[in-house]
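Marked as domain 'TMC' by TrEMBL: A:543-649. The region 'Disordered' annotation in TrEMBL covers A:1-29. If you look up TrEMBL, you'll see A:259-286, A:347-369, A:438-461, A:473-497, A:509-532, A:552-577, A:654-676, A:726-743 marked as transmembrane segment.
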């Protein structure tokens, strides 16, 4: 461990009394550049300090005068020197004002010096000292290590020092450092200018370019525009103004719903494009010889049957052979020749579906990772009062009425937090706890039994519908029933959660989401089982995949219809009732959780149906586009922002996780099961006559191997990686090891945080002690003179 | 970023077209008074607009040049890093500019947040609890490090300290 260096304090002293006393040694770790700073700043401080002391001399009391008693406060605050030091001499005040921690933020020179240190540290990558060497009894300061490794400064120009350090960093580090340094634009521009005029550096585009509309040369303008376009890529946002309007009126919480909708739209567009290019467009160009299509009646848009049965929409339309020319012998001229390369439709079908799922998976996991990175914090909770005070104000909200509402919300939340903190100190009696447990159990029993009841009802109903003769319109009955249940039960669960009166306000939302999710997933599970087993639904069809595809199409359409109805009744009609009948000046609140879960449900249906109806993502895209505009209009006219606290980033993470885990994972499991284990129908679709869909992939592998014996690596990879049962075990073992490692790292970091906090507290005590010593020294000196 | 800068320049110019020239090659020394800045629709009803303008203006009085204006909106945009935002947020909440958020600063903040709806006792209690929970070095007020330490633990900060332009 190093010796604590001794420092002499340079103070431009007015009193010529050097005195017999040596200057007090300050462990305040003055960096050499701060010596000059203090000299510079001390002249400025004089003027400021005189004013401060005059204010204090006028007898302003540091504590507010109210009827409130100081003794009722628990005495945890030390009387800090910054608050009550009316008697300090001007010399000690001058020293205090030029402490390094005080000058950061006020003086540009201090910022530059601080960032010089940081950059130097980054460059040399001097790591933290190992913790075992830190002896806590001697209370070393971590700043000591800076001083040892910093070279003595030769030129006094701080800016050129910083530029030198920046140039030695890699370009990405440099631009990141420039982006984060809290200097004003003019300083950053000057730094960039000095940087770019060094011989071995290239000018980079960072924050703070020359202002626009200066007469640029053509080449420079072109380069700037290209850079501008590239950097615009994250900023090219459709619906930018609409989102700004929503954020301005309702805040980040409601905005998160629309951002989630935008994300789902992007996923669906990507899936649709992949399927369009590789499957749909080609099949449309080379249509198979098929039976005469039925005439178009309007009902097809709802039921998906009839005219749409033998169309591109469904699985049954796609051929299982390599594509041929559509010309028959009766035509003399053929506008379309056969495709130049043989195009294996079945392989293309399975590959496109697989690739679109893979890309969706990667994008989902990436968004989850980014969302977790932003929102998950060790040891944070919604009951964190400082975060409430400093982070609750949403700067996006700009409308006057919404601002007023936000003020009221924050006021309510602060009052609730204070009440809660008072409450939690009181312990509950046994009777109350028993009562609460009974209420909780009852509520959960009720919700689970309703879920069971709904499942049984849907099962019985589908069996009944199966026995009834199938008219086209009656096909809509089952989707109707399921959508009714999905629309009505969440309202019941909300009421149930409100009746339960949870301890923590956030828990109410979580519990309602949980129950809603359980209902939706169990219903979907039942439907998947019915579709795959085909004992009840589509049992008599030859082309069962088209039948299942049609069923899924009906579910998607019915879900859309019921969302519209729910918006109409739940928002418009409810607002009219509230205003006209009940004469309350309150609008209905936008239920973010319920609406987001409905989006997740619709997306799960789409993912389930991609294999059976390749154009279903296109239907979902249309549906989401319409939904955006309808929801936005209804929101703006009928709703008000929610008054309960809603942590937008945290809840976004929760919803993305829900999208990934029950929803996408379930759809992927369904897809894999269908590909691996279910026999496709004999007479239609791209996998006619095969044992399973997966066999087409295997057959292709064998054909490839036979045609070119050099590609044995492919079959080897397939044999040993895909078919090997040990691979999943190995992968899960690696994952578990990684998780354990991360947990240990986290534990170590928590311990370090704890130690560092102790150290900071100790440093604070040291500082107070030294300041009091300083004050007493100067007082004694003052008394002597 | 280029388009954002253009957009901001036009917004700046729209506040006072007769004062702001279109051509900035000769770096004209144009400062718009605080009243014009505070009348922008994004800031007009924000209770902290005066502090925001003071923090980003050159002289600390709220009158902003184009550079200050660009600075302000780039820090408040969604591309600014968290530490930069935390630094400026600290300066905004430090009403008396003494580099510490002391109890009086906190009281002013809470009153602005709630429009003076809380009783003085409640305001006091809130301020004390905030200092108790967030003050790490136990000097009775929040320094920049305390503030940054607290902001790191609050995931909502990035999404709330953001103005869309």
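Backbone N, Cα and C define each Cβ position, glycine as well.
Model, not experiment: these values are computed from the prediction.
Listed by sequence, the residues of this chain that lie at least six past the ends of the transmembrane segment (A:438-461) yet keep a Cβ under 8 A from its Cβ atoms are 477-478, 481-482, 485, 489, 492-493, 496-497, 499-500, 515, 518-519, 522-523, 526-527, 530. Counted with DSSP, the domain 'TMC' (A:543-649) comes out as 81 helix, 2 strand, 24 coil.
Averaged across the domain 'TMC' (A:543-649), pLDDT in this predicted model comes to 89. Below 8 angstroms of C-beta separation, residues 260, 263-264, 350, 353, 357, 360-361, 364-365, 367-368, 371, 513, 517, 521, 524-525, 528, 532, 596-597, 600-601, 603-604, 607-608, 610-611, 692-694 of the same chain, each at least six residues beyond the ends of the transmembrane segment (A:654-676), sit close to that stretch.
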